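A quick write-up on the structure given underneath.
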Amino acid sequence: MDKRLLVKRTLGCVCAATLMGAILATHHDSLISVKAEEKTVQTGKTDQQIGAKLVQEIREGKRGPLYAGYFRTWHDRASTGADGKQQHPENTMAEVPKEVDILFVFHDHTASDSPFWSELKDSYVHKLHQQGTALVQTIGVNELNGRTGLSKDYPDIPEGNKALAAAIVKTFVTDRGVDGLDIDIEHEFTNKRTPEEDARALNVFKEIAQLIGKNGSDKSKLLIMDTTLSVENNPIFKGIAEDLDYLLRQYYGSQGGEAEVDTINSDWNQYQNYIDASQFMIGFSFFEESAPKGNLWFDVNEYDPKNPERGKDIEGTRAKKYAEWQPSTGGLKAGIFSYAIDRDGVAHVGKEYSQRTYQELEAGLKKHPVVDNISHTDYTVSRKLKALMAEDKRYDVIDQKDIPDAALREQVIQQVGQYKGDLERYNKTLVLTVDKIHSLKGLEKLSHLQKLELCQLSNVKEVTPDILPESMKKDAELVMTGMTGLEKLNLRGLNRQTLDGIDVNGLTHLTSFDISHNSLDLSEKSADRKLLMTLMEQVSNHQKITVKNTAFENQKPKGYYPQTYDTKEGHYDVDNAEHDILTDFVFGTVTKRDTFIGDEEAFAMYKEGAIDGRQYVAKDYTYEAFRKDYQGYKVHLTASNLGESDTSKVTATTDETYLVDVFDGEKIVPHMTLHVGNGATIMENLAKGAKVIGTSGDISLAEKVVDGVVADSFWTWDTKNWIAFDLNSQVIAKEWRLFNGETDPRFKDKELNIQKGRLQILKDKTIHLENMSKDERDSYLADEQNWITVSEITSNQKIYNGSITDITSRYWRFCVDEGVSSKSPQYTELQILGQRLSSDIASTVQD
């Protein structure tokens, strides 16, 4: 989240010093500053058994939608601070109602020798267990990474992390007699955690998961993470997700959109890659006393002097929206949670208080006369929210009305979830392997299922569209193996593009099938033709083949662009006509089985295909509906002189050769060579990588114009300049090209263009420049009398193309004589186009 989530704070102390102390310590990470109690706690066997049973019920979803709350320990009447004094007598954990499934012990400002800890282990745990509420201790992630608490006493080595994990579980779970551990991971606004600290925290977290949680040795304890971080910003979550019982995501304040849940929706799209919806809980915050800006969430109703009880009403609150929200895919959420449940029923301050600061509150300013005071709560809001979720029919348990077959129902509940609302949201794979399954009725309710595997279901007699998920009509995958008892296979009208995944050889009792009205390619060489013939053979083993018991007609195969094209070289005669490369060489459509259909005539022939006189393509299927449109494709041409253009049109006026790249919008589809007439030899940019041996300007800038990249410009403060370069061997040059100043992508300024310039070669082709001293060479290269001009620029075109009549030379120079304006003339690239001479020819030329 972009905004600062200064979460889980309290400012409820009376005196100014105490107020500031609370302010500095109430972020979740303040948990790290509290020394864990050293006393050993022994809980009675009965409480251990009850707690284990509660955890099992919660984990198995038998409690329905969960409601959880964070109780701030310093607001319990038994809590005392470092001074030994009672802090707030108004509330007690003992009064938390049965509607709260999980109560989090969120401790701060509570001394290690406070009576609270004995009350927790000797009274609260027992009382809350009796009513069905589990208790979980919350600690900050810095207890795991070496920053604070126990973690400072253990080395960051495998043995040390293992010992630290054991100490954490003993101190915070076993000795306190609670039912699990919750680790809080939030964004640090100052003194941010390092990657190394997060890596250590993850290692310790994994060691804790070996001890408690669903995958731990003690499965009677819950292992939970609560966080303000999204998936991409939480490497610890990604590393431990498979071991978590629940992920509690803090969504305090508006989350965007009309329903204020946009962030939740987008986050869930990522979370569902790591956890099930039944592990996902979203949270709101009650109003904390004396909270400053940055910690005012407006998740509950604002105070109304005309209605003092408005804080107990859930209508119109964000808390209610969270209770009603469900993921669109994956399943039903586990439930919701609240922070500062001890403030349940207290209305929120109004918007007029939204900018109040710590300093103002410390000075006794901008405090609300009613809601900033501590008051006794009866947990009305929590009760209402739990009741609202419990009344949600989507949480009704799947029964025989949904899925009549008991064996099928059991497998669906195991993999999908036990609630009716899970059926329509489940979007993963369902694997059915129990031979006791006789009927598949009810699977149609799995409207988002991505893959269905039917394996060894020998007692299933038929598979028909009315009992298959709606997603089968889209892109869901169907796998059938070992279906030896299947007699009727009906996949009619499911938009199936292939029969892949269906073990047709195993359908030994098949008496009829209907695969008509799909998108299958049943042409002679396709794989589906072979599968169809096997299906017909299976039916023929039991009865005579008829139209009624073997339906495969009315196919409408979907068209695709070919992955490869056969044409690697193309040819046009010199006919002075304009030709379209896309139309002539890049065309055609293929089926899912890669059957190529080039044009409408070929499609008409394809439609005539038949099996035993029965046409398999739908008569009303048209070429226009099948063919792929190449309108969005782009063609890039490189001529023999390396001139480039983006067009599919070529006018065949002279012998030429083009290198053709066709783009489908993302990648090159085909690459081909196109010859016009007798073709032409593809030239080389001989200047690319040439050695700059002299210049009137900066040599590092000069090297940019022969690096093969149209980017940085060469320029000098003078309006005239020159560059001399060595092509490293004798060449024969036919053309040259200059990329003028406006091609610099940084400026695109025509006033930087060159108006006049000259391309030159050395008069003396036998000269050995390498034998000269640097000063001698610089003087020689700068002397105009040593050069012959072979071509000139007389216009300020963006890209100037010049002709040279088969010039042979190794050393070249380009001179800028005039720009188009008072600005220093520039150019980004110079190309000399032609071929390098073989060594024997080069020697002859030099001689």
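Even glycines carry a Cβ here, placed using N, Cα and C.
According to Swiss-Prot, the feature active site, proton donor maps to GLU186, an assignment based on sequence analysis. Residue density at GLU186 (active site, proton donor): 21 other Cβ atoms are found within 10 A of its Cβ, drawing on all protein chains shown.
The glycoprotein binding site feature in Swiss-Prot is assigned to HIS107, GLU188, GLN250, TYR252, GLU288, GLU289, ASN295, TYR339; the stated evidence is similarity to another entry.
In sequence order, ALA711, ASP712, SER713, PHE714, THR828 constitute the residues six or more apart from LYS704 (Ca(2+) binding site) in its chain with CB-CB distances below 8 Å. The Ca(2+) binding site annotation in Swiss-Prot covers LYS704, ASP707, GLU829, and the record cites similarity to another entry as its basis.
Taken from Swiss-Prot, the feature domain 'GH18' applies to 65-377.
The region 'carbohydrate-binding module (CBM)' annotation in Swiss-Prot covers 683-836 and is backed by similarity to another entry.
Here Swiss-Prot flags 423-446 as repeat 'LRR 1'. Residue counts of the repeat 'LRR 1' (423-446) by helix, strand and coil are 4 helix, 4 strand, 16 coil (DSSP-based).
The repeat 'LRR 2' annotation in Swiss-Prot covers 447-470. Confidence across the repeat 'LRR 2' (447-470), taken as the mean pLDDT and rounded to a whole number, stands at 96.
Residues or ranges marked as repeat 'LRR 3' by Swiss-Prot on the basis of sequence analysis: 483-506. Here the repeat 'LRR 3' (483-506) has, by DSSP, the following mix of helix, strand and coil residues: 3 helix, 4 strand, 17 coil.
Within its own chain, the repeat 'LRR 4' (507-530) is flanked in space by residues 483-500, 538-539, 541-543, 548-558, 591-593, 595, 606, 609, 611, 616, 618, which lie at least six positions past its ends and keep a Cβ under 8 Å from the stretch. Summarising the annotation, Swiss-Prot assigns repeat 'LRR 4' to 507-530.
What Swiss-Prot records for 1-36 is signal peptide.
Across the range of the repeat 'LRR 4' (507-530), the DSSP-based residue counts are 4 helix, 3 strand, 17 coil. Comparing C-alpha positions, TYR252 (glycoprotein binding site) sits nearest to GLU186 among the recorded positions GLU186, ASP707, GLU829. Same-chain neighbours of the Ca(2+) site beyond LYS704, ASP707, GLU829, judged by a C-beta within 8 angstroms of the site's C-beta center, are, in sequence order, GLU703, VAL705, VAL706, GLY708, VAL709, VAL710, ALA711, ASP712, PHE714, THR828, LEU830. Here the CA atom of GLU829 (Ca(2+) binding site) lies 67 Å from the CA atom of GLU288 (glycoprotein binding site). Here the candidates are the binding-site residues HIS107, GLN250, ASN295, TYR339, and by Cα distance the one nearest ASP707 (Ca(2+) binding site) turns out to be GLN250. Counting same-chain residues at least six beyond the ends of the repeat 'LRR 3' (483-506), those with a Cβ under 8 angstroms from any Cβ of the stretch are 454, 456-465, 468, 472-474, 477, 512-521, 527-528, 531-532, 534-535, 538, 551, 557-558, 592-593. Comparing Cβ neighbour counts within 10 Å across the binding-site residues GLU188, GLU288, GLU289, the minimum falls on GLU188. Residues 272, 277, 326-332, 398, 402-405, 407-412, 415-417, 452-461, 463, 466-471 of the same chain, all 6+ positions outside the repeat 'LRR 1' (423-446), place their C-beta atoms under 8 angstroms from a C-beta of that stretch. The secondary structure of GLU829 (Ca(2+) binding site), as reduced to three states from DSSP, is extended strand. Taking the C-alpha positions, the distance from GLU289 (glycoprotein binding site) to GLU186 (active site, proton donor) comes to 22 Å.
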